[in-house]
Amino acid sequence: MIGMISEWLWWDRLWLPGNLTWVDLKDEDGLVYARASHLYATVPFALGFLVLRYLFERLIATPLAALLGITEKPRYKVEHNAVLEHYFSTKSKHPRQADIDGLCKKCSWSSRKVERWFRKRRNQERPGVLKKFREVSWRLVFYLAAFVGGIIALYDKPWFYNLREMWNGYPRQSMLESQYWYYIVEMSFYLSLVLRITFDVKRKDFKEQIIHHWATLTLLAFSWCGNYIRVGTLVMLIHDSSDILLESAKIFNYAKWGRTCNGIFVVFAAVFIVTRLIIFPFWIIHCTWVYPPDHYPPFFGYYFFNFMLVILLMLHTFWAYLILRMVKMFLFGSVSCSIFIFGNAFIFPKSICLDCLTLQWVSKSFGVVIFCDFSLYICKPSVKCLFDNLCLLTSIGQMGYFMQLVFKFACASV
């Protein structure tokens, strides 16, 4: 049974074009071809990456975080309750109201106390900023090293400048040592991410992240076995180029360098759009879809490889949508509302909630006093900070004293 599956899996017509067979790709006359057995090396290398990551996070990332002022906030453990803990661990972290009522009877607690317990218990499991910083810094170091290594491996290759050269002699294209190590290192890294994915910080796009990792591994493995190595190296280089900027922006975000983070993120968005939504589909996919039929008739490997590239393109489109939403928030703010200009002051509708950072940004940018129909709608923890920044950063003008009185009145009424 196993032999039959193996024979079908490695059937020549699935992997090779025309009348070629695996016998035609035997190593000879100094030519070395990619073999599926070469990929076995990714397993020990992936385990090695896990060890290297552990050492990096403890010996380099943690001291670096301390230098940037990134520390772990103290976490307060919730009151132990076996009934609620069992429900939290086995059923749901967000109980419905009917379930809360049932838990109240079992624990002899009030509904409000049970809700508060679940909220604190969820907060207790949230990853700290130090853990996020360690993960991001590790990925940044790898992507930077991989991108530099990719440039070194590809800069003198003819297909790096002329994509038609990618198919000259296919599939009898000898594997280069630089291509071998580029593939093994990249695949080992992504395999290590898959092995650690249940322990790493779960992002909002967790499902898409899993699909991306498996699609990348499948694409790289198939391109290796089908000798699409030249295309694969370009795909990896394109992906690493924008990931460097993304991880850099996250690091500055955790370090609370807001302007630097926002600036890098805007650059990242531009690079992401250019590389993932322009170069990737209109150069790389065009190259893999249009040029190969000039050299051989389409076969299963041709369609499957392009199908995997399209899956990556769909993920890129989804992420581009999220990225552009964030860029819009950075450039134009997260609140869309009507703003009236009266004298030297902006008048915001009283339904708008202003936090400290928003007030600082508007004050620094426009030098105006912000008030809100004599009734500011402010988050309570930020009231004092809001008033301090308003008095410190705004140019008040002739109505300044009156505006301060209005602001004090509004703060007192919150």
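Here the Cβ of each residue, glycine as well, is placed from N, Cα and C on the backbone.
Database features (TrEMBL):
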| type | residues | note |
| --- | --- | --- |
| DOMAIN | 131-332 | domain 'TLC' |
| TRANSMEM | 38-56 | transmembrane segment |
| TRANSMEM | 140-160 | transmembrane segment |
| TRANSMEM | 180-199 | transmembrane segment |
| TRANSMEM | 264-291 | transmembrane segment |
| TRANSMEM | 303-322 | transmembrane segment |
| TRANSMEM | 329-349 | transmembrane segment |
| TRANSMEM | 361-379 | transmembrane segment |
| TRANSMEM | 386-407 | transmembrane segment |
If you count Cβ pairs under 8 Å, which stretch among 38-56, 140-160, 264-291, 303-322 touches the transmembrane segment (180-199) the most? 38-56
Are there residues at least 6 beyond the ends of the transmembrane segment (303-322) whose Cβ is under 8 Å from a Cβ of it, and what are they? 205, 208, 211-212, 215-216, 218-219, 222-223, 226, 228, 231, 235, 272-273, 276-277, 280-281, 284-285, 288-289
Local confidence of the domain 'TLC' (131-332) - pLDDT mean: 89
In the same chain, which residue numbers or ranges, 6 or more beyond the ends of the transmembrane segment (264-291), come under 8 angstroms Cβ to Cβ? 163-164, 166-167, 228, 231, 234-235, 238-239, 241-242, 245-246, 248-249, 252, 305-306, 309-310, 312-313, 316-317, 319-320, 323-324, 326-327, 330-331
Any residues 6+ beyond the ends of the transmembrane segment (140-160) with a Cβ under 8 Å from its own? 56, 166, 176, 178-179, 181-182, 185-186, 189, 230, 233-234, 236-237, 240-241, 243-244, 247-248, 251
